[in-house]
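Worksheet: the structure to be examined is printed underneath.
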Ligand SMILES: NC(=O)C1=CN([C@@H]2O[C@H](COP(=O)(O)OP(=O)(O)OC[C@H]3O[C@@H](n4cnc5c(N)ncnc54)[C@H](O)[C@@H]3O)[C@@H](O)[C@H]2O)C=CC1
Ligand SMILES: O=C([O-])CC(=O)C(=O)O
């Protein structure tokens with residue numbers, strides 16, 4: 001009897017795992033729309049839930065005509081306030097690209113005043129309606145919005161550090177592309193480790209660990225990886241920041257999380273998570289290679305050996321990162337919201 005019910009439970013969880021509801025909060029935005037499309041193309045997604053304060057249902061109607069198997073539903077705030085809850089209920093993965101993007105001359109930190117409360121309120125809804133979902137935070141400044149989410153979840157007693165991720169995938173996507181341009185190689189074959197955070201000098205590429213250790217002394221390349229976002233902000237000239245490459249990076253991260261949930265072993269992505277790596281320096285969150293598993297973070301991989309250039313970069317990273325994280329934590333303490 002006991003064995004039979006165990007087998008039944010196992011069979012149930014195996015089939016339940018194949019049902020993956022994925023929700024995008026901010027689905028009608030520059031990132032949200034192409035991200036939603038890429039998720040619709042992912043056969044691991046069975047239900048796609050698209051929420052935005054404007055045009056959630058519109059984007060959902062459009063994406064729903066793509067002839068893949070998943071169902072799509074769109075949501076926006078309604079008079080009862082139920083829209084967001086409905087969008088989130090039962091989600092396994094929630095991606096959050098809601099918030100404002102940069103204009104030329106701004107840093108990501110300049111977005112804090114607007115985006116902190118947007119992310120706080122969405123995190124509250126997640127804590128209430130899908131506390132066990134994997135939360136993938138795209139909204140900037142990631143170095144601060146991820147700590148805000150932790151504080152929200154902690155305040156509600158539902159925080160699980162294995163389920164909260166800052167999406168830093170775009171930094172490794174860029175690094176591999178930029179290296180391939182210099183070396184004339186296939187970018188998909190260039191595996192570049194990038195650690196730290198997701199803004200300016202907190203982004204630390206580790207070329208010494210790649211196939212091209214010589215690139216570690218290429219200051220121009222290092223700067224291009226650290227400030228790749230600015231390149232796009234400048235080129236878009238007031239119309240926003242990276243959206244298409246970010247959608248690709250977000251879809252890749254979501255796919256990796258879903259593959260790990262589905263039982264695939266050895267899925268590794270760089271991501272900004274609560275991490276022991278630099279806790280001794282007062283840094284709670286750090287982006288490094290993370291092995292993903294059915295419960296989210298399986299294993300945080302060590303940063304590995306750094307050369308002298310990278311050691312210097314990391315020193316600069318740690319100072320800024322600490323301030324960004326503390327800013328997020330302090331925000332929630334003095335602005336708990338409703
Ligand atoms: N992590 C990363 O690597 C990257 C992060 N980003 C960040 O992603 C964020 C979004 O960028 P874009 O899509 O270009 O901006 P966008 O302005 O085009 O889209 C944002 C969307 O969020 C929606 N929104 C605003 N408040 C909301 C709320 N309370 N609930 C639900 N939806 C809400 C808006 O209606 C809009 O559709 C920005 O903060 C940007 O800095 C951008 C690129 C890369
Ligand atoms: O640069 C920005 O503001 C958007 C972003 O995070 C990126 O492109 O990496």
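Heads up, the Cβ atoms here are built off N, Cα and C, so glycines get one too.
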According to TrEMBL, 26, 27, 28, 29, 30, 31, 32, 52, 115, 138, 139, 140 bind NAD(+), and the residue from 41, 106, 246 that belongs to that same site is 246
With residue 140 (substrate binding site) as reference and a Cα-Cα limit of 10 Å, the qualifying recorded positions from 26, 30, 32, 115, 198 are 115, 198
Inside 10 Å of the Cβ of residue 30 (NAD(+) binding site), count up the other Cβ atoms and send me the figure. 19
Name, in the order they occur in the sequence, the residues of the same chain whose CB lies under 8 A from the CB of residue 108 (substrate binding site) and which sit 6 or more residues away. 102, 140, 141, 142, 143, 198, 199, 200, 229
A correct count of other C-beta atoms within 10 Å of the C-beta of residue 198 (active site, proton acceptor) gives 28
Listed binding-site residues are 28, 139, 174; which sit with C-beta under 6 angstroms of ligand 2? none
Residue 174 (substrate binding site) sits from residue 26 (NAD(+) binding site) (Cα to Cα, rounded, in Å) at a distance of 23
